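A.B. asks: Below you will find the structure I want to go over with you.
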Amino acid sequence: MLRSSRGYRHFEKSSSIDRTSKRLGVVIYLSFALLLGALPWLLWPGTAPHGDRTGPGNMLLFAVAENSPDSNTATFHGAEPAAAEHKSATLSTQAEDLRDPLIDAERIRENDEGKDKMGETEETQNQNDEKAGKEGGVKVAAEKVAAPATEEELEKIVQDVEENEMNSSKNKKGEEKLPAAELNGDVIGVPDAKKLEKGTKGYKKSIAATLKTEAEKKRKPQENRPDQTEADAEKDTRDQVIVKIANKETGKVLATSVRKADKDPFVRLAPQDPHIDKTLAKERRMRVKTAMKRAWNAYHAHAWGKDTILPISLTSANRWGGMAMTMLDSLSTLWVMGLKEEFEQARDWIAENLSFKSVGHISVFETNIRALGGLLSAFDLSRDKVFLEKAAELADMLLPAFDSPTGFPINGLILSAGLPSGSHQACLAEFGTVQLEFRYLSHATGNPIYAKKAMHVYERMHEESADVAEKGLFRLDFNSDTGAWGGKHYSVGARGDSFYEYLLKTWLQGNKKETWLREMFDESVDGAEELLIARGPGGRLYIANNDNGMQAKRMEHLACFYPGTLALGAATLETKGDAVLEKRATHYMDLARELGETCYQFAGSQMTGLAPDSVVFDQDGVPQASDPRYILRPEVAESMYYLHLLDGDPKWREYGAKLFEAIDFYCRTNEAYAQVRLSSGPSGRRSVALRGAERKPSDVGGEGASQAEQSGKAKDMGLVTQEDDMESFFLAETLKYLYLIQETEPGEVDLSRQVFNTEAHPLHIFDE
């Protein structure tokens, strides 16, 4: 067929275009395929070409130190392995002086063989990928970034980023409500934690960069330091190392940690037994919690709003002026044990009903440690300002007690009138045990008057110590009118005990700044060793009173707080490698262990397992009751708690469990617990554990027994006689210590951030 020239040319042109299009299509197809294959590496540098690790969650981490005038900052970014190595060198140079356990520049490992990582063979890369995949995709990163300090340091600061999601409540978008700037503590929120996915899940085992959080335990950590001004906050950063985890591509900070650099830990906690039976510990803890609920429910049912419940007659008494003392004294224990419903129940009553305007005669000492301490601790734990307002109201009414010629507080006061009640003769423990509470209140309210009044006592005693103290120990009696000290009576038991406790704890509360307080405490320990601590029959170490140079051959239950205080003194002494200070710390702990064993034997050597109010020692060194009452005191349990945390021997936890078993066995009434008078017969040595195996609780009126069996158990057994009294310190202290000693995970109390007042109410230390 003839085709026109025009038509032929059109046909030839169309054929050429089709061929060209096909070739171009093949090229585009192949290019697109290659692009798809390379996309993971383009989007997520550092993602290996093999294995199953995909997505941004598998980015490796490197550290870069960023220096600022007031702080050192180290930021962890996503990077490929080779980049991580080079950034490791950068960190080594820039962070040379950080000296922080989180990023110790001296411990960063530079892998010279891996500096040309990008040129390694595919086979070598495969091996590394497989190895990293088995260990959460972090092994290589860990070797290239920073080796962890020690296991103990790591446990304190390392927590998986994904786990940090729970550190505060979420908003509707699933992000943290508290941005980084709000949290003024060790760890701040991780809004992008989910993006890190599986790949980083294992790095807490080997990279000291993931964050251990206080926010996990405190709803709003920034409010735990009510005294902190902007100037204080700026000053606080000067000796800190700030560590951040950030996304390399966006620069967005995912998490931040602030750590102090180049300092001894605030308190040296002992490593705990790795073989602890956590199930058993939880069961024991729950039993103590049940006991607390039992005592609280009895108070709520029969003495609500009154000072005290009488546990046998199930009536009430107002022996502390009528300010609901048991309620105020129980607040921190309810919070610590997680009894939030009961806590809120008390909070509502306090907000609506608590008034001090009709309160008559009170003990300034007891009101301060129980009522004021309880309110302040409730505020410190919950941040509910109702408690702070009531605390300030009460403290204002206590201030007239300081209006003596010497400025030392008198002990008796008609609270509603602000008038003295009784003699102006006071004892050492009374005027020396107001400092923690009044200083905290000044910091919380911004009103310096409370701290000024309380610290005047310590400042004057410090100035006059060379003239009035005997080897660091002060006489027990003082006249707040004349300033005259009484006879030469010295004790860390009744009338002297908590003064020495508060010397140490006030130093701790002030973040160890007031070194003169620590010096006074250390001098008092030297004096106690010379004048009060002795070896009795059988070589047993004990603490006596000293009257006019003569040691009394007896020991009080009240003195059993002292082993725990010695242990705390040992664990908080900043030795900084000084051999003399290290020797002192070791000596304190040795004393604490030996005296702690003596205190446990107060209870352990008795047939009942209950500790008498005072003892003498027989020829074999076995404690014999000289005052056979057990009034539900906490001091033995208190020292078991401190030694458990600071010495670490598992026996202290077991001792705590036996103490509770004895209390629950003999002191339980129909609805609460009662103090008891022990039998005057000879002491037995049968352990609580054996006795528990021999008798079921129902045999002595426990669960499952009738009320008649319960009420008659003491008389039938002939070992104890219950008395109609349950002091508020049983709920505030005894049960709290016995509960905390069975904790296996961090809870509401952290000795590196809090101090207990002498009634076991935790209060936060002040920021530097």
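Each Cβ is built from the backbone N, Cα and C atoms, and glycine gets one as well.
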A.B. asks: Cys560, Cys667: which one closes the disulfide with Cys599 in TrEMBL?
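C.D. replies: Checking TrEMBL, the candidate bonded to Cys599 through a disulfide is Cys560.
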A.B. asks: Are there any residues at least 6 positions away along the chain from Thr758 (Ca(2+) binding site) with a Cβ closer than 8 Å to its Cβ? List them or say none.
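C.D. replies: Non-local contacts for Thr758 (Ca(2+) binding site): Ile369, Gly373, Thr433, Asp497, Ser498, Glu501, Tyr502, Phe561.
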A.B. asks: Name the residues of the same chain, 6+ apart in sequence, whose Cβ is under 8 Å from the Cβ of Cys599 (disulfide bond)?
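C.D. replies: The list for Cys599 (disulfide bond) reads Cys560, Pro563, Ala611, Glu635, Val636, Ser639, given in order along the sequence.
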A.B. asks: Let me check the 10 A CB neighbour count of Cys560 (disulfide bond). How many other CB atoms are there?
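C.D. replies: A 10 Å sphere around the Cβ of Cys560 (disulfide bond) contains 29 other Cβ atoms.
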